[in-house]
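Scroll down for the structure; my scribbles are underneath it.
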Amino acid sequence: MTAVWALGCYIAAIIVWNAVLKRNIGEALIVGFLVTGLFAGGGIGHAMWAGFAEAMQEEVTFAALAFVFMSYLLARTPVLDHLLSILNSLLGRLRGGPVYTSTLAAGIFGAIAHVGAAVTAAVGSVTIPWMKRSKVSGELAATVAAGGAGMGVTFPFSSTMFILMGTAGMASLATTDDIVLPLFLGGLWCLGYRMVAAFVMVRRHRIQSMDAADLMPLRTSLSAGWTSLFLFGAIAVPLLLTRGPTGGALGEWVGTKMSDAISLITWIPVLLIATVLVLGRRHLPRSPRQWRQVLDGAAPQFGVIGVTIVAAFSASNVLGELGLPQQLTDLLAGIDAPLWAMALIVGVLVVGVAIPLTASATMAAIGPVAVTSLVGAGVPPATACVAVLIFASTEGASPPSGAPIYVASGIAGVDPSRTFLPLVAYYCLPILLIGAGVATGLLPV
């Protein structure tokens, strides 16, 4: 159980360094990375170097930094102000409108894209600045955007679902067709809860509608800033090329699966940056010297996000190298408990694995064992599959390693650690309980 102990010490080291000693989250995650490396014993050098090298190749690392740069550029141009004026003309009179819109949009986009970081990137790139414009704190805006990331897993046809259903032994329990409708209903339970959470946040943080003085008629805002709507085009183009009928037709024409050829998490920020450079060109530097000054100003933001995400992914890779998935699988296989207890135990372990791993990796590692454990406790196979997928969907809201956390924090320009506690309170624990409710039959699917 070396890796299990390493996971516990990793989390404890981060909490002590960040919450008790009041050091920044980048330092805390570096310390956590070093602590996990110690459990590799004589192979510490190899394990830590391999973990670091793999983290440097993660596309989410690039995406998080790209969104930091995009946000910095947007702040220097009026492009985003024009877009937000249009959105405020439409929904600014609704109290907490941007928060509800972000939550609902994450559900819709998650049902299409299914990739947590991509959901946060696509939705958050518009709704986070809008929420901040509506006097929502940057930390809360990032929390809402990251908290919606998991909905890509809780709706049918995600890669995570196919990984679970395609693993050895699952065919004898349930087929993919068996879980489509139950998983859709499970996704609606999760979306419904998130809308309730949005309502609670709006009331608790006293988020108001926009001041009437800050609102303008829709015709006026469109006339002044209609070109800012091209920002949506930067999001729509990769979607159309990889998803739906257009993505399918294009894939048949070129002979490859478009979602494999075009990464949403890579191309959305690239196209957004290109769009901002074109639309805001009159307000951006024109000489190399001026651009150097711009990059110098952005450097501190790159430092915090970059160190944090690389250290988090490096530690996750070391935990995988230590055998965390297999050790948790062995732990699950030896548990004999009543249904309600088994549901919570399985949920906690799946959530624990999803902290350092993605939902897909979690399903590949312990998904079948988790489902089998629930079925052995009396849960119908299809329902057990849905519950386990809901547990795994917490990856986006599970600090400190959830990639959507860093994407959202990069867009919002906030310290990721400021979102950790709200994410656990508003999303991670409640979604865990929803999964347990599905497994025990309290929430029918």
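Here the Cβ of each residue, glycine as well, is placed from N, Cα and C on the backbone.
Taken verbatim from TrEMBL:
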type     : residues : note
TRANSMEM : 28-48    : transmembrane segment
DOMAIN   : 40-431   : domain 'TRAP C4-dicarboxylate transport system permease DctM subunit'
TRANSMEM : 99-128   : transmembrane segment
TRANSMEM : 140-167  : transmembrane segment
TRANSMEM : 179-202  : transmembrane segment
TRANSMEM : 222-241  : transmembrane segment
TRANSMEM : 261-280  : transmembrane segment
TRANSMEM : 301-319  : transmembrane segment
TRANSMEM : 339-357  : transmembrane segment
TRANSMEM : 369-392  : transmembrane segment
TRANSMEM : 424-443  : transmembrane segment
Top partner of the transmembrane segment (339-357) among 140-167, 222-241, 261-280, 301-319, 369-392 - counted as Cβ pairs under 8 Å: 369-392
Contact set, same chain, for the transmembrane segment (140-167): CB under 8 Å, 6 or more residues outside the stretch: 99, 102-103, 105-107, 109-111, 113-120, 123-124, 127-128, 131-132, 174-176, 179-180, 183-184, 186-187, 190-191, 194, 197-198, 201, 205, 359-360, 363-364, 367-368, 371, 385, 388-390, 392-397, 402, 404-405, 407-409, 411-412, 414, 416, 418-419, 422-423, 426-427, 431
Stretch-averaged pLDDT - the domain 'TRAP C4-dicarboxylate transport system permease DctM subunit' (40-431): 82
